[in-house]
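First comes the structure, then the notes that go with it.
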């Protein structure tokens, strides 16, 4: 009936479809019939060609509107003086906001704090996660129960977790000082000291993310072929040696992944420092003010949105530099180890 | 407290697609390998128990503290068991600290964000996994790249925008910017690449299905387990969204995290009420963890393996 129109149809597939659909009403005039088939095959081709773009467009439209555009506009705003009280009036100041940061001791303080808090929260966290994942990989009972329990802090919001920890770290009635008193240690004024407050902030981060990283490592460890361990143990390798020489090398990409993710997280650390005492300056001496918090204080408490934008872009550039650094490092490590990327 | 009802001794569901609702366990078979190459000794259990207690204790303690008066919490020895003030404090948190409005707002926000994220991520993930189009790899790289952009980089322009639109304190201000997620797209792509046979799509096309029908009748059914996991992860993230909401909203119309920030800033000086608020704001997710903990764990591990 539809003659041999296969050449007009885009592929065999729609050619197969046409007869079935038309079989019921095949008695129409042939020219109309042909036109309909043509229209359908054109629509089919059109559908095949453009539907992928239709499927990805919601994501990219939203991303363009609420991700890419704001990202670039932050850079533009960083070149202006913008007040939070009247955010739609911008005055061009060039790189003033950036050069101001250079001379700003609070900025350097925040940068330093971000670095030290990032270090004392990330390193122990990942090391513990690695160890925990290793023993969770043993054959055991209740493995899933342990995993779920260790992941619950991940479900706890920054705000809720910090409120609870702030109470636990309380100077006068906090449980931690009470416990220290039991073993004869004088109460610590956690929030007031520099190291103690940064330790407190880091402990919240560690509490919330260790379980998550444990699961990531565990997933990677389960993908390591068992024969590697078997041959290692045949060679007389101890548990520690197996961990050191089989597990760790196999996990290198995963470890890098978690290091990168944790670094990004540490750079933008905000809520834990903000809510430890509920003040935007990060302690009376800004002793635990992070870059994220300093940006918030600058923009929404000191009302300088332009300078806040400059801080945000500095954080972004910092992340890019760190990213390049990691990339170079892995390249070097990879080379020194023969292969592996 | 939040222990999972199902205990899974020897499985490796992580490398399989994330398990669905009440899926049965496959015992034995690969079980020998499953739990790992070494048997756990008492020390292992001890260490894991210590970390479990450490993970759960702050949450448990927030519930305990929420059941005491402010003056009881100001005694030198902290309470270790529940007192009788739990419901008084919860009620105070609900009304005085605006947690009631906050919970309803957050359910709405997180619900909307979850539905749109899962829907758009599945569509885009399907396109990246199974369809051919121009600049595909470049666009996928862009998706991965956007996962690295910190929220601080977008809040200044977004704030200027909502100031202009007079959207401050309105929920669409916190919903719209989080309607899609790059992680979600990547997650769905990784899942669909292996879980959706290309022949199935071709067969549907042979039957004359257009792209929308293919999505509806082939992609969605195949993607359902991953959609469920992504939905849960997105809901958790949306519920806990912090930085942008505290800028866009105030205590008049808060989400849970905004209301908790108000508590942290001392709007209500009663510690019992503060802890009640913290507990209340976490409770829905804790319940979700008790019910779906296994699936969430599986989802994170599954996503990690591919990420």
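Cβ from N, Cα, C; glycine included.
A TrEMBL annotation is a machine prediction, not a hand-curated record.
What TrEMBL lists as domain 'ABC transmembrane type-1' is B:103-292.
What TrEMBL records for B:1-32 is region 'Disordered'.
Here the transmembrane segment (B:42-64) has long-range neighbours at 1-2, 79-83, 86, 275, 278-279, 282, 286, meaning same-chain residues at least 6 beyond its ends whose C-beta is under 8 angstroms from one of its own. Annotation comment: TrEMBL describes B:42-64 (among others) as transmembrane segment.
According to TrEMBL, the feature transmembrane segment maps to B:102-126 (among others). Under 8 Å from some Cβ of the transmembrane segment (B:102-126) lie the Cβ atoms of residues 143, 171, 174-175, 178-181, 184-192, 196, 215, 219-220, 223, 227, 230-231, 234-235, 238-239, 241, 253-259, 280-281, 284, all in the same chain and six or more residues away from its ends.
What TrEMBL lists as transmembrane segment is B:138-162 (among others).
Among the features that TrEMBL reports, transmembrane segment is placed at B:174-193 (among others).
Here TrEMBL flags B:214-239 (among others) as transmembrane segment.
Below 8 angstroms of C-beta separation, residues 1-5, 59, 62-63, 65-66, 70, 86, 89-90, 92-94, 96-97, 99, 102-103, 107, 232, 235-236, 239-240, 256-257, 259-260, 263-264 of the same chain, each at least six residues beyond the ends of the transmembrane segment (B:273-292), sit close to that stretch. Per TrEMBL, transmembrane segment is recorded for B:273-292 (among others).
Sequence-distant contacts of the transmembrane segment (B:214-239) (same chain, at least 6 residues past either end, Cβ-Cβ under 8 Å): 17-21, 106, 109-111, 113-114, 117-118, 121-123, 125-126, 178, 181, 184, 187-188, 191-192, 195-196, 200-201, 204-205, 256, 284-285, 288, 292, 295-296, 298-300, 302-303.
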